[in-house]
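What follows is a set of notes on a single structure, which appears directly below.
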Amino acid sequence: MGYWAKLKSSGWAYPTTVLSIYGFLANCRVAEPFLTPYLIGPNKNISEEVVTNYLFPVWTYSYLAFLFPVFLLTDFLKYKPVIMVQGLFLVSNYLLLSFAPGLPAMTFLQVNFGIVTSTEVAYFSYIYSVIPLKSYQKATSYLRSAMLTGYTFGASLGQMLVSLGGVDYFYLNAITLGIVCAAFLVSFWLPMPKRTMFFKTEAAVGSQSQKKGSLRNNRQRDSEADKDGESLEDKEMEHAGGAGCCSRESVITAGPLLWKSFKESYSSRHLVYWSLWWALATAGYMQIFNYIQLKWDHIEPSATSSVYNGAVEAVSSVVGAAAAFSVSFINVTWATWGELTLGLFSAVCSGAVYLMAFTSSIWACYAAYVLFKSCYMFLITITIFQIASNLSMECYALTFGINTFIALLLQTIVTVIVVDETALGLDIVTQFIIYGSYYAAISALFLIRGTYTACVHQRSVDQTETRGKEPGGEVISSERF
């Protein structure tokens with residue numbers, strides 16, 4: 001009891017610990033790497049064509065439909081209720097997978113999972129509303145590590161149970177059901193936030209604007225905290241707007257705040273290009289992640305071959321995390337070389353997807369998937385860092401929501417045209433050829449733009465050096481502007 005009392009009094013450690021435990025359990029989905037073999041196997045007995053061209057597209061459409069309303073509701077309801085809803089729908093998701101027979105039940109399952117994925121924004125946003133600003137970086141690191149550890153542990157455990165214990169896929173879903181039930185219970189322990197980002201009263205908005213106008217006062221407030229770890233800024237926001245976040249006044253002020261954040265987020269051409277890559281590449285990544293199990297099953301049918309989906313997902317997560325972690329040790333002027341880097345590594349992604357499309361070796365397909373996921377994790381880490389470091393928390397949250405929405409919109413367009421049985425309804429090999437071409441187009445776009453940016457920067461440097469060598473010449477740094 002003394003330990004928990006001390007943890008609660010730290011201000012940031014208690015909510016971060018509880019949310020990390022929730023993140024670990026919610027992502028420890030032992031059965032997820034084996035979803036496709038489970039659906040097309042004797043447990044559900046659904047054909048591969050129906051899963052590819054009908055069932056999985058339902059998830060994409062549901063995710064798109066729920067994402068933006070959930071994004072607004074998340075802030076309006078102060079995050080915690082939405083996290084609890086995610087936990088509840090995770091439980092219902094694995095109840096359906098374990099016990100509900102028939103195609104209609106699996107169709108509803110995809111809608112159910114669309115709600116689960118759309119509520120992930122609450123997990124990433126909640127912590128910033130309950131801890132001081134100075135603890136943001138530390139808490140973010142712990143939360144992402146918890147998610148990665150949970151996913152890797154779940155995939156590894158599932159692979160060991162299947163390969164070493166010969167456990168049926170049904171029992172993997174039953175085990176996952178127990179784990180997500182524990183996650184749902186943990187969500188009740190989260191403290192309720194006292195402030196929101198957009199739904200504030202006019203008094204709260206005015207108070208926040210005054211603090212932003214004075215850098216000195218802002219720094220002073222960030223450095224001062226009471227015994228509970230709550231900053232003076234948090235106290236003022238709670239006093240000014242905490243009680244009335246669901247009032248009519250807060251709803252009226254939300255619109256102007258959203259528009260102001262939108263203009264700030266996309267006012268820089270540099271940030272627009274980073275956001276463009278985020279949306280384009282994420283759409284392709286989600287599509288490949290959604291259908292990779294079907295590609296593996298096409299190369300080596302799970303009914304007649306050993307399945308190593310869990311091991312591959314675990315390895316790709318660890319390698320991807322290592323690639324993302326390496327970003328912090330790379331000293332590069334991203335404003336100059338960032339777009340060229342996006343183009344080069346997108347070309348690697350394209351090559352990896354083409355290899356997945358054309359190879360008949362399951363091990364080559366596994367290796368290509370690990371390479372693809374690692375490159376994406378490396379690039380998305382750079383992109384998120386570049387965007388977040390230039391924006392306020394409100395603007396970053398809005399940018400995250402808009403970029404994800406655009407990515408989903410693009411993914412939905414691809415799904416409707418390429419995958420859905422009412423349109424082309426292409427086979428899985430042809431789909432991956434198109435996805436490889438999609439990344440090739442992204443690579444070409446950013447290689448051209450990156451080369452132009454690098455040339456302009458180099459010309460600017462040469463002109464500056466030339467002026468500096470002239471007698472009496474003054475070197476004018478571009479940083480002044």
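The backbone N, Cα and C atoms fix where each Cβ goes, and this holds for glycine too.
According to TrEMBL, the protein has these features:
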TRANSMEM  54-74  transmembrane segment
TRANSMEM  81-103  transmembrane segment
TRANSMEM  109-131  transmembrane segment
TRANSMEM  170-190  transmembrane segment
REGION    209-234  region 'Disordered'
COMPBIAS  219-234  compositional bias 'Basic and acidic residues'
TRANSMEM  271-294  transmembrane segment
TRANSMEM  314-335  transmembrane segment
TRANSMEM  342-364  transmembrane segment
TRANSMEM  370-388  transmembrane segment
TRANSMEM  395-418  transmembrane segment
TRANSMEM  424-448  transmembrane segment
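When the stretches 54-74, 81-103, 170-190, 342-364, 370-388 are ranked by Cβ pairs under 8 Å to the transmembrane segment (395-418), first place goes to 54-74. Proximity of the transmembrane segment (271-294) to the transmembrane segment (81-103) is not established, fewer than 3 Cβ-Cβ distances being under 8 Å for residue pairs spaced 6 or more apart. Here the transmembrane segment (424-448) sits against the transmembrane segment (342-364); at least 3 CB pairs are under 8 Å, leaving out pairs fewer than 6 apart in sequence. The transmembrane segment (109-131) makes no contact with the transmembrane segment (370-388): fewer than 3 of their CB pairs lie within 8 A, with pairs spaced 6 or more apart in sequence. Panel annotation: around the transmembrane segment (170-190), residues 15, 18-19, 21-22, 25-26, 28-32, 34, 38, 43, 80, 83-84, 86-88, 90-91, 93-95, 97-98, 126, 154, 158, 161-162 of the same chain, lying at least six beyond its termini, place a Cβ under 8 Å from a Cβ of the stretch.
Looking at 54-74, 314-335, 342-364, 370-388, the range that has the most CB pairs within less than 8 A of the transmembrane segment (81-103) turns out to be 54-74. A Cβ distance under 8 Å defines the sequence-distant neighbours of the transmembrane segment (314-335), meaning residues of its chain 6+ beyond its ends; these are 148, 151-152, 155-156, 159, 270, 341, 369-370, 373-378, 380-382, 385-386, 457.
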